[in-house]
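See structure below.
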Amino acid sequence: MSFSVDVLANIAIELQRGIGHQDRFQRLITTLRQVLECDASALLRYDSRQFIPLAIDGLAKDVLGRRFALEGHPRLEAIARAGDVVRFPADSELPDPYDGLIPGQESLKVHACVGLPLFAGQNLIGALTLDGMQPDQFDVFSDEELRLIAALAAGALSNALLIEQLESQNMLPGDAAPFEAVKQTQMIGLSPGMTQLKKEIEIVAASDLNVLISGETGTGKELVAKAIHEASPRAVNPLVYLNCAALPESVAESELFGHVKGAFTGAISNRSGKFEMADNGTLFLDEIGELSLALQAKLLRVLQYGDIQRVGDDRSLRVDVRVLAATNRDLREEVLAGRFRADLFHRLSVFPLSVPPLRERGDDVILLAGYFCEQCRLRLGLSRVVLSAGARNLLQHYRFPGNVRELEHAIHRAVVLARATRSGDEVILEAQHFAFPEVTLPPPEAAAVPVVKQNLREATEAFQRETIRQALAQNHHNWAACARMLETDVANLHRLAKRLGLKD
């Protein structure tokens, strides 16, 4: 079988139609799955000896949250080391990273697998993976045809990464440095709230403004601080962390500003405080609302004038520190109650960021669950850790008062319980492995009884017609997105729509 010019042109056109990188990547993967007639396809980005999924089709949604470290996935390591198409034999002893992650085929092992490394010049930037349930599924495609596919995908990914690099470095195109993969904190989530937060982080990171990060306990405020620091001009200098809630009043000032020998009982030598340690870098003050009013006044002086005094020393030291502060309190309410200084609040909240709670992040809970499942798999030396449909349903309907931290602990506990109930190194997490209190799953909706008389075929077609109409409306008449939502092949969807009179 050979690709026609029309097929290649269709792939190129789909890449251009996309609005933004993510949409282009998804169009590419969906189109490839149709053209190659595979059961699953994925576009992965390579970063620091791990592959990060950017777009998937035919795989469980939690795959987007997983991070595939090379040391834990020998097939992906083989793809990363290869300079060309990699075909794994059907009887390969190397485990497939997607075993158990193809919906409807969880108990079956993937048989056919092809890996296409993607390069920008000599640099490995990603990979395309193609998987099928039939051993000879990709034999009809020559290596040359697959190289053409890889070239199109590599071009799209390389352009996206270069634009990302230019935006993060705020450079003009003429000043662009050669593409280099830079490891940065991964903030997992595609929900509107997280997408907006990532944009705001990109904006404020390039500045030197102080930032106030608010959010409930367990939402990931420290992760936001790390992301800001790593994307800032201060990234080459230290990020120093201080938990204000864990500071006894007697040592809080010394922790922040340092002390000199003899300043108090037990001060047997000079000691630098967190501000000195963070000089030319960033200081992250977690739970800043716990600081006393006296310390708040001294912190305000540092922010205003840039100098500190060690405890027991009359001399001032100049410091150049960017302050990122976090709180789970409503500091406006604290100001009104007289527990937090208004002037300090205004100094810190020049660019406030709010981290959304997990219950408001929709399907992000499944992506994060996939991330934690992969972490557990590596730590415990398991071949695979997958979520059953029942477990996914439970996670999506639990409200998680402890947010991401609670989800992480719940996944770890569930893996331990599931592992204890079955032999072998494969773990499938079921709903009963989670101990969430007061979880009420929505009852199945009762089917409406038709008022008019219809035979079974007419009723089925009416249901299909209405379902497709609603899906098209929700996806702005994008057929590929509609097919993903309905979990069907887009070509089959087109044929069904024509038969139902929805298309000419």
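The backbone N, Cα and C atoms fix where each Cβ goes, glycine too.
Per Swiss-Prot, these features apply:
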MOD_RES   ASP57  4-aspartylphosphate
DOMAIN    187-416  domain 'Sigma-54 factor interaction'
BINDING   215-222, 278-287  ATP binding site
DNA_BIND  479-498  DNA-binding region
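This view paints the features noted in Swiss-Prot onto the structure.
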{"residue": "ASP57", "record": "4-aspartylphosphate", "CB count, 10 Å": "24"}
{"residue": "GLY215", "record": "ATP binding site", "CB count, 10 Å": "19"}
{"residue": "GLY218", "record": "ATP binding site", "CB count, 10 Å": "20"}
{"residue": "LYS221", "record": "ATP binding site", "CB count, 10 Å": "24"}
{"residue": "ASP279", "record": "ATP binding site", "CB count, 10 Å": "17"}
{"residue": "THR282", "record": "ATP binding site", "CB count, 10 Å": "24"}
{"residue": "LEU285", "record": "ATP binding site", "CB count, 10 Å": "25"}
Using DSSP three-state counts, the residues of the DNA-binding region (479-498) come to 17 helix, 0 strand, 3 coil
Rounding to whole Å, the Cα atoms of THR282 (ATP binding site) and ASP57 (4-aspartylphosphate) are apart by 40
Per DSSP (three-state), THR282 (ATP binding site) is strand
If you measure between the CA atoms of LYS221 (ATP binding site) and ASP57 (4-aspartylphosphate) and round to the nearest Å, you get 31
ASP57 (4-aspartylphosphate), DSSP three-state class -> strand
The rounded CA-CA distance in Å from GLY215 (ATP binding site) to ASP57 (4-aspartylphosphate) is 33
